[in-house]
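Structure record follows, encoded as structure tokens.
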């Protein structure tokens, strides 16, 4: 009877048991696979985290593998490439890069390098280090030693070569990782260590009797018996920096190498004010794509004899090999100059000092001739793989293309960490003027010209393997604000075939970390962006130099250029000029002047709140007098929230923009300038619950993207969970370009209600490729987009139809859109002005020059104007 009951029970619940077993098996599989899942990558490494435990490092890896594996592509033909490569390229990554590269020159460059690598004539196979090795001799066998499971003879690093182990392979790996000793065991195992094996553990050679899996003619230890070899290097110990200079020591002079990008001119001026002294040198490299910064900073050369801009400029993309090329070129320029200097320190506009210049000079004077770099602080082999040092990268078309795996040269130690360094003049002279007979340096230069993030490893590796190794100090003088969960989002995939990380901007909440630098040999912090947060910079300045007075003018204001009429104009400025010209016309009409030329657009923030952008333009009065005006404009998006919905009551900052920065959780298109080629992103803040006892809720929502014709163009499914803290979320849409110009609607809906609705403007274009649209075909190409992004077989849910226009309404609006898409000249301008006037508010205006008889305040007296006094960024004050 009991058996029959059991049988019935098993038959009844058999499907349930099978499902439970499957779920358990899947969980085990996922747990196993998760061991190898990495975090984010690169720019670097979190060198400040080097003191963490190995357990923490293992659970929070620094750099992720490439974002996706590549399928095996088909071979490329000469017709596809536009030329005949010199070999039949085999590497799948190289073929993929060739398929994606846009220009023929770039494809030829990739193919040439890929063929050279394939032929084995590109990289050096073996190099010889010139760092003193003490009493260690390469490849010397010390014999067979007894090992213990709980107390390894060589405990520095372990790996298992299942099919290829040999003493030589293990020696190469251990030397590369910086270990003086290598050991092979049990046929497949390789161990590395720093400590000399004890004589008491010595065994007869016959105890090591297992053949190597990679070479059966050689012996690779035994069962808990290890063949140990010397790698030929001594244990490396970084130098300890002195804290105070000896009495009577000559004070060093510093060459500050500023590598500048973007448009944050006032922050560059502010950095120069904090660092400036007549005895030091300030050499500035401005990215070759940044006309505005180069033009404005060039003015400093006439005022300051020790400030000079680099004439040979590079496009320094994230992770690019050009960054190392640029640094070496600038260092060479400094060596050729008349200036006398002892150290070069590279900084960006995102750096700021955390100690006074005098303290930095004292510290470096105590450490003359030493070189300050920050190592990765973790296992070298993991660093090599996560950093992509075992891959070849080629830079062209402002992109870093991954073209295949590579084997690093044997015989050298590999090191790396941060690309922010402080280098002595003798070392700079060595790396910038390699002698032909210096095979090591020549080979390393070639290696790192085809390396991702090369400046993060080049200087470290050269120091470790040359006669300069005794000058290595493991400190790059920086504290960096790493927040891995935010900073490692693979946000650089558009410029590099790899996943990358960046440090976060310092915020007021990070102040304790800045305060903690006081007793450490740290002199700079990064990153700072006043357009994200200026309050922390003010706090830092007051900590260093004393409090600002209450009368200090415009202390909490910040201005940053968006557009300047002297810039080289191309397609990137078409949208800005289209909207800017419209706002100029609207502001001119309001002031009763005839607008002539759009001069500048400038972002304005006060107390870290965005107050809009400033439109500066020239105009002519009815009397014939020429004047310049500046108008503050606030972008507006018209939103509605459901009044009675619990979710809507906690919804904030519901807006559509572009350039959403996941790291800083903000859309960097502050002016909300959206056009037919924009990649739209909706972002919002869901406020945390203040009632700890309230029941938790979750919401499954749908975001509808509705075009000016009332058609559904795309939708996103959103899942929002309750939280005790504010959550910033974003949702991208995939629309077909060009997007239809006009008033769009984003609706956030549930099953039966609308939670939020937002109307936003996709502005028509008045320019194309930097030139005004003058013909109907040109206008239709930019403003005539009427396509549908959804697939043809998409079935519209019945409950969504209430949010869209009827077919008749869509037909009528389509005819209107077709006509508008053909407009040029004044009719086009009137269409744009009508739309822009609804989504941008003209708040206030000022006049640049006195004596115009306009009833407007002078811009120099208007605290919001870009012409208002800004003493905190007034670099001319250094001349007084």
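Cβ from N, Cα, C; glycine included.
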Task: Listed co-binder of UDP-alpha-D-xylose (same site as 316, 317, 318, 419, 420, 502, 526, 527, source Swiss-Prot) among 287, 291, 474 - done: 287
Task: Site of maximum Cβ density within 10 Å, from recorded positions 135, 139, 502, 729 - done: 502
TODO: Could you tell me the mean pLDDT over the topological domain 'Lumenal' (36-880), as a whole number?
DONE: 92
Task: Among 287, 316, 317, 318, 419, 420, 502, 526, 527, the record's UDP-alpha-D-xylose binders - longest CA distance, Å - done: 19
TODO: Give the distance between the Cα atoms of residue 527 (UDP-alpha-D-xylose binding site) and residue 501 (disulfide bond), rounded to the nearest whole Å.
DONE: 13
- [ ] Out of the recorded positions 87, 115, 287, 469, 846, give me the one sitting nearest to residue 490 (disulfide bond) by CA distance.
- [x] 287
Open item on the list: Using a 10 Å radius around each Cβ and all protein chains in view, which of these disulfide-bonded residues has the most neighbours: 846, 859?
Closed with: 846
Task: Euclidean distance between Cα atoms of residue 729 (N-linked glycosylation site) and residue 139 (N-linked glycosylation site), Å - done: 56
Open item on the list: Whole-number answer please: how many Å between the C-alpha atoms of residue 501 (disulfide bond) and residue 419 (UDP-alpha-D-xylose binding site)?
Closed with: 13
